[in-house]
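What TrEMBL records for this protein:
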type: DOMAIN; residues: 37-143; note: domain 'Cadherin'
type: DOMAIN; residues: 144-252; note: domain 'Cadherin'
type: DOMAIN; residues: 253-357; note: domain 'Cadherin'
type: DOMAIN; residues: 358-462; note: domain 'Cadherin'
type: DOMAIN; residues: 463-572; note: domain 'Cadherin'
type: DOMAIN; residues: 586-689; note: domain 'Cadherin'
type: TRANSMEM; residues: 701-725; note: transmembrane segment
Amino acid sequence: QESRSGRWEEMKLRKSEKSLPGRVVALILALCVPGLGAETARYSVPEEAERGSFVANIAKDLGLTSEELLARQARLVPEAGKQYLQLNQHTGDLVVREQMDREELCGQSEPCLVRFEVLLESPLQSFRAEVRLIDINDHAPVFLNKEIAIKIPESAMLGTRFLLESAYDPDVGNNSLQHYSISSNEYFLVYTRRRSDGGRYAELVLDRALDREQQAEVSFSITAVDGGTPPRSGTALIRVVVLDINDNIPEFTQTLYKVSVMENSSQDTVVVVVSASDLDAGTNGEVLYSIVQNSEENFETFKINPETGQIRLKKTLDYEETKIYEIDVQATDGGGLSTHCKVEVQVKDVNDNAPEVIITSLTSTLSEAAPPNTVVALFNVRDRDSGDNGRTTCELTGEQPFRIELLAADAYSLVTSEPLDRERAEEYNVTLRARDEGFPALSASKTLLVRLLDENDNAPTFTQAFYTMVMSENEPAGRSLGRLIATDPDAGENARVRYALVPPPTGTLPAASFVSVDAESGTVRSLRPLDYEKVTAFEVSVRAADGGSPPLSAQAVLRVLVRDENDNAPVLLYPPPDSSAAGELVPRWAPSGYLVAKVVAVDADAGQNAWLSYELAKATEPGLFRVGPHSGEVRTARAVTERDAVRQRLIVLVRDRGQPSRSATATLAVALVDDFSDAFHQLGHDPASGQQPQVDEEEMLTTYLIASLCCVSSLFVLSVLVWTVNTLCKARIRAELPPPSPSCYADGHVASDGVGSTGTLSPAYRYEMCLTSGSGRSEFQFLRPILP
């Protein structure tokens, strides 16, 4: 209604603004034009009349003929800006130029007038006129809301009036809204009231008491009717929502709930769901549940969901303690009204107690030598249930050397069933399982830890029956050759293994003097260097004994192989090493490949150290001879010619394949002869041909020998002088120094049979050592000749 009223006011204001220029013109004409009339002509026409509809004859009302009207150029001047009417100058008729809607032009104002002026010229005259728009019933009453919701509490008194939304009808007079009516219903009447401005509105009157629990909502239609012919009407739906008041208390579906619960029910198990309803609505109909705490036991055992009424367990039940629980439950609505019910919970007995294994005596450590039937533990089995649920049996789990014997009712003993062996199992986890005869059967287990004490019942065992180790020839004493390993499955001292060499039988090779065995670790070390050419391998027996009482032992054979070293140079058999040169005769007709001689050598070493190779180191004519690298055969490389020297000197180098290699040289003197009868002359005994060169060569050799002898003698004399001076200086220093400090050891501190009384060096390897406090460094003197 407010929006429509505002729209009509806006239309009025717009019309006023449009008519302002016309009024100004009419005022000026009235003041300035003589003969201007002040009387206003009034006409009427129905609203929304068709274009061309006749309104009035202006010429007749002005007392003019149609010719005069045309001659004086009569015309209309509207007050508003828009021209709704039209003047026919030929007939003087005033007709409708454009349809006019009274409600659009004037809204609810009455009367609705369209004003204009008629202007005439020659002389200038003006006449005022107005046309009244007569309303027709072209609008029906309209409700702004097609559904009207009203909230009324169910406690509203009879006769209470409720103002309704008015319908809107833009028509006026009898065509406007005249009265309201409602459809048939049991609770309400409607009255039409009139306002001071003539408008009509409706009041809804409560004619019967409301009850939300019987009918929460009342719906009916309201009709607004105008006074037109025929009448028009508008309809809206009225929906009356009955508001609740707290006039009902909650009601439980049962006053007594009886339920049964198994005593093994878990915590938070649903016991029962209580339900109460309230006919009220909203918060008045919302029911909350609570347990009336009539005992501390109920409070500790049960809980209730305040919204759903579910009663759950707060803890597990025990039939043996409490068999029946009585719980008082209260239901309260949002308005504070409440009611009560009783819940009776019966606990059902089940086999919920497992047997208990109670140990009364236990031997936690047991000797592995314990005989069968040795008592290990005593225990009892107890079950709190009764009947079949309380009858128990006992058994062992797994395969173990134990068994259970029944002593009395629910009394048992654990004994050994067979001999024990700690090396097979050091300890046993013996599990005793007790089971009752309930359904389902319950069981309990108890695990006992039984440790076995070791007995020395196992001898040490070598990882190998035969050990083979290798040592190098001339290897210094104290070198590690390897390690012997023996294990003993016993424990503690019974498993501690010590090693020792078994004394060899009398009359055998003293192999025990070659190596030693560490008693704790079993490490084998050499005691002295060995010569492969004398000892290639030897065997000793090694004993491993444990620390038990009595001790047990085992033996293994240790075989030591001596690895050959290249410590021997090749030895010439031919030509003999003591001869200056071997003489060989080769005829001049000798072809290529002629066998001149064969160098024969041997090597005391073994393996590749004894593999010999031959090569020609030097020759008078290198291209004349060759030497077989493996055979040592000296052959001609080509045929002998006349140009070859009569005397040939060959030096053959014999080398082994050791690392580093050793070698020897053989010298061959070869004479080239035409005939073996001239052999003597070709070998250098002919005074006429070769005496002088032989003499020169012998003189040169004599000179070299004399020079070498002088050098050796000079070095010997110089060494004697140095030794003498050194001895005198040391004697002088000892005289000036204080007595020796403990860091200087006299001969008496050294054992007579070697480095120490327990040493392994033989007297052949005895050395002298002296340390003085004044020495800048330690000096070791080896008393053996210094060879050039």
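Every residue gets a Cβ built from N, Cα and C, even glycine.
Taken residue by residue, the domain 'Cadherin' (144-252) breaks down under DSSP into 3 helix, 54 strand, 52 coil. Looking at which of 37-143, 358-462, 463-572 has the most CB pairs under 8 Å to the domain 'Cadherin' (586-689), the answer is the stretch 463-572. On the 0 to 100 pLDDT scale, the domain 'Cadherin' (37-143) averages 84 in this prediction.
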